[in-house]
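The annotation active site, nucleophile is assigned in TrEMBL to 430. Annotation comment: TrEMBL describes 312, 313, 314, 315, 316, 317, 318, 337, 361, 377 as S-adenosyl-L-methionine binding site. Here TrEMBL flags 21-30 as compositional bias 'Gly residues'. The domain 'SAM-dependent MTase RsmB/NOP-type' annotation in TrEMBL covers 209-491. The region 'Disordered' annotation in TrEMBL covers 1-51.
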Ligand SMILES: C[S@@+](CC[C@H](N)C(=O)[O-])C[C@H]1O[C@@H](n2cnc3c(N)ncnc32)[C@H](O)[C@@H]1O
C-alpha cells in the first residue's frame, strides 16, 4: 500500500500465467514480494469493491512493513471515504483474517498443496481474505471466491487469478469444523495444541495462557475465544473533574463494574465525545484503571508525603490517572519515558495535571530517591491485550520473552532503589505470561528483600483474581485486558 493508503496499481505479473492446481507450483510465484510497488503511478479510481480492496491493502501493509492493522485501517477508511456498510465489512474482514492467520494458513497450505511461504505474499493476502470469508463469515461461498479472484485478476492477470480460484474452491469444500477435524492435533492427546489451532493462536501463547491459568486451565478455550471478541470502549472519568456517574449520563454509557472511574461505551467514536475532547475523560481499559488505583490504595509504612513516580509512563494513560488522583491531595507525579514521541504523548495526556515528564531510561533515570509510591508498568509481550491488536499474536515470538524479562527485572530493581523505606512499588504487565509476572516478582522478593503485599486487597470487590498475593485479571472473567499486578513494600531498616 502506498503512503496515501491508496491501493497499489496493477499490471500483469510475470509469474501470473500459470494457474496452479493441486501439485502445480507455478501460480504461487515468488514468496512475499510486492510486484505492485514496481509500477508507475496511474490516476486513482475508486475500486468496484472498496471494502475488500481496503482489507487487502491493510493485510499487505501488515505483512510488508509490519504496520499495525488497527492504526492503518481507520485512516485508510477515512481517506477513501468508505460508507458505513463498506467500512464495517472492511473492518470485519481485515481484523478477522489477521487474527485467524494461523488457522487460515494451515487450510490454505493444504488446499494449495504447498507451504504458505512458497506462495507469493500478495496472493496469500487475498487467499487469507477469501478463506476467512469462506470459513468464518456468512458471505456466500461463490461471492467469497469470485471477489477474491477479481482482486487478483485486476492486479496480476488471469494466470494468478486461476491459482487463487483453484485454491479457494478447495478451501470451500469443507466447513471450518471439518478443516479443524482434518488438520488440528487430536484433542485427547494434545488438548492445548487442539485449542490453539481451533482458536487460531500460536501454540506457545496458548501454552503460556494455560500455564498462567494453572488449576483453572479448563478456561483456556474461553481465554482464547475472548481474544477474538470485539472489545468495547472503556472510558475513565478523571477524578476530581467529573464522576463516572456524570460521564455515563453525558455519554449514554454504562458504569464499569470494577473501577469507580470506569464507563463502558457499546457504540460510537469516543474521540467525538465532548468530555474526552475537553480532557475530562479518556479512553482507558478498566484493568489499567485498576492498576493505577491499586498503587494509590497500597498501605505505606509512615505518612504519604506525596512523591509518586511512574517509571514506564508512555503513552501516559496511567500517569494521567495517577496525576488526577495526586492532584486531589496536592501530591505530584514524576513520569519517566525513554522514547521521545511517547514522552510527548505523556505530556499531552497529562497536561494541566501535576505530572512532570522526564525523558530517561527507567533503569537510570537520574532522579532523587525517596519516592512514596512507584508504578512499574513494564514493557512486556502484550499477550494480555491481543484482542486490541489483531495481528499481534502472530508477530510476537517466544524468543522475545527472555529479553523483556531481563528489562523488567532491571526496571523493578531500579524502582526499589528509588523507593523510601516503607514505600510501595506496584509492578504490572499487560501480559499473563508467568515469566513476566510472578517470576519477575519472586526474583525481586528474593534479591531485594521487599515484602509482597496481598494485592487482592487493592482491587476491592473484584472477584476471581487468583490465589494471591498478585492479581491476575482476564478478559473472559473481567472484560478487561489480562493485566497482572503485584505490590511490593520496601522494608524499614
Ligand atoms: C506498557 S507501556 C506503559 C503504558 C503506560 N503506563 C500507560 O498506561 O499509558 C511500557 C512503556 O515503557 C517504555 N519503556 C521501554 N523501555 C523502558 C526503559 N528502559 N525505561 C523506562 N521505560 C521504558 C516503553 O517505551 C513504553 O512506553
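Just so you know, glycine gets a Cβ as well, placed from its N, Cα and C.
Note that TrEMBL annotation is computational and uncurated.
Distribution of TrEMBL features across the structure.
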residue: 312; record: S-adenosyl-L-methionine binding site; contacts (Cβ under 8 Å, 6+ apart): 336, 337, 362, 375, 376, 377, 378, 379, 411
residue: 314; record: S-adenosyl-L-methionine binding site; contacts (Cβ under 8 Å, 6+ apart): 337, 339, 342, 343, 345, 346
residue: 316; record: S-adenosyl-L-methionine binding site; contacts (Cβ under 8 Å, 6+ apart): 335, 337, 342, 345, 346, 347, 348, 349, 350, 355
residue: 318; record: S-adenosyl-L-methionine binding site; contacts (Cβ under 8 Å, 6+ apart): 288, 291, 292, 310, 375, 377
residue: 361; record: S-adenosyl-L-methionine binding site; contacts (Cβ under 8 Å, 6+ apart): 336, 338
residue: 430; record: active site, nucleophile; contacts (Cβ under 8 Å, 6+ apart): 287, 288, 380, 382, 383, 384, 385, 481, 482, 483
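In the predicted model, the domain 'SAM-dependent MTase RsmB/NOP-type' (209-491) shows an average pLDDT of 97. Annotation note: residue 318 (S-adenosyl-L-methionine binding site) sits in a helical segment as assigned by DSSP.
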